[in-house]
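Worksheet: one structure, shown below.
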Ligand SMILES: Nc1ncnc2c1ncn2[C@@H]1O[C@H](COP(=O)(O)OP(=O)(O)O)[C@@H](O)[C@H]1O
Ligand SMILES: Cc1ncsc1CCOP(=O)(O)O
Ligand SMILES: [Mg+2]
């Protein structure tokens, strides 16, 4: 007898994704920022994936077709990195490697805004950002109405629900799933919306946890066919790790370490008991 798979936005589906990552150890190619290169590599290892941080323009074209997913993050963009990103996303489009964009501080700084916007032509499977970044990117793409207020550097000035209309338009315009993080994460592919209510406010006091969510979404994309489900599952995994780690961490320093330990320790039972994921009914 074969069991039918669980509905996509349920704790059981998140547990399935986690177990697939652990079983397959997908190679995740990251072109990312200097702040989080170490912490996101460790988070990917802790959850069971295999990270490689490679950004030489002469090397990315070789690695992208070998990788199970590509993560592109413009957090500390440089001119050589922009060239590597353009090459990598083009190869990803041609080789069918799923890729995800983290538009760090897009809307605040023009160079990265242009690079992120141009990259959309190569068909990211997903985009994960905070509310300010998603509203800004949607506006740049011509899918977001009036110019939104830009973020405070890499931090958002708006809540995730506020960005949902822009996220839906961006998803429709690009074909990507869009995940907006915040106290309650909102994930959409245009028609569908799901929410994830895991997390802890102390997570905003550790740098790079949004970038970590994006990297984990890369691992989820690598092992699943439904990009929106992959993004939602990733938001549960990082949110849950943060929430459970915050139970004992007295401050952000210990929280950062405890999140790594928790990503390593998450299992089907913990996910099933604590995941707060749900489809948002229209
Ligand atoms: N107020 C909050 N309460 C609970 N979890 C949060 C809160 N703000 C952010 N998070 C969680 O922290 C992680 C990083 O999100 P966020 O801070 O929005 O991204 P970024 O660092 O890119 O701005 C996500 O898993 C998100 O769910
Ligand atoms: C502080 C900082 N500055 C440039 S990139 C970066 C990290 C941003 O990480 P996150 O978006 O996950 O908070
Ligand atoms: Mg961010």
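Here the Cβ of each residue, glycine as well, is placed from N, Cα and C on the backbone.
Given the structure is predicted, the values throughout are model-derived calculations rather than measurements.
The substrate binding site feature in TrEMBL is assigned to 53, 208. Under the heading ATP binding site, TrEMBL lists 128, 181.
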Q) So which binding-site residues out of 53, 128, 181, 208 are up against ligand 2, CB under 6 A? A) 208
Q: Under 6 Å from ligand 1 by C-beta, which of these binding-site residues make it: 53, 128, 181, 208? Sequence order, please.
A: 181
Q: With H, G and I counted as helix, E and B as strand and the rest as coil, say where DSSP puts residue 181 (ATP binding site).
A: strand
Q: Calculate the distance in Å between the alpha carbons (Cα) of residue 181 (ATP binding site) and residue 208 (substrate binding site), and round it to a whole number.
A: 13
Q: Among the binding-site residues 53, 181, 208, point out the residue whose Cβ has the most other Cβ atoms within 10 Å, with all shown protein chains included in the count.
A: 181
(Q) Which binding-site residues from the set 53, 128, 181, 208 have a C-beta atom lying less than 6 Å away from ligand 3? (A) none
**Q.** Those residues of the chain, 6+ apart, with a Cβ under 8 Å from that of residue 128 (ATP binding site)
**A.** 100, 101, 102, 178, 179, 180, 181, 210, 213, 214, 217, 231, 234
Q: Reduce the DSSP letter at residue 53 (substrate binding site) to three states and note it down.
A: strand
